[in-house]
Amino acid sequence: SFIGEESVAAGAGSILTDNPTWIIDPIDGTTNFVHRFPFVAVSIGFVVNKKIEFGIVYSCVEDKMYTARKGKGAFCNGQKLQVSGQEDITKSLLVTELGSNRDPEAIKIILSNMERLLSIPIHG
């Protein structure tokens, strides 16, 4: 099976089943792309029994290929990636994205979450 982000965003229905399924977003960061902001990627995932098996993200402008496979780790251009190990959120950089849903109830939830995050003495 195939699920394409652009068709789902356009209103096409999609149901994730147990079948092997490719999930593809050919322009991940469409808003960035439209505004010529350089953080745009091609994102591809492969799911079996509703569980991710592997994913690939190609950051076009940066020419970076991110890959990850269940149980095998994550890589950038073939170099192994690992988390920082930082456990103290006050010493961490927080990055967030507001999403595209402008429904008033969704906005309330997003702003409430942002308020809670901003009350933590974080970087960023």
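A Cβ is built for glycine as well, from the same backbone N, Cα and C atoms used for every other residue.
According to TrEMBL, the feature Mg(2+) binding site maps to Glu5, Asp25, Ile27, Asp28. Taking the Cβ of Ile27 (Mg(2+) binding site) as centre and 10 Å as the limit, one finds 16 other Cβ atoms among all the protein chains shown.
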Inset, instruction - Count the Cβ atoms, other than its own, that fall within 10 Å of the Cβ of Asp25 (Mg(2+) binding site), considering every protein chain shown. - result: 19
Legend entry - Cβ-based isolation winner (fewest other Cβ atoms within 10 Å) among the binding-site residues Glu5, Asp28: Glu5
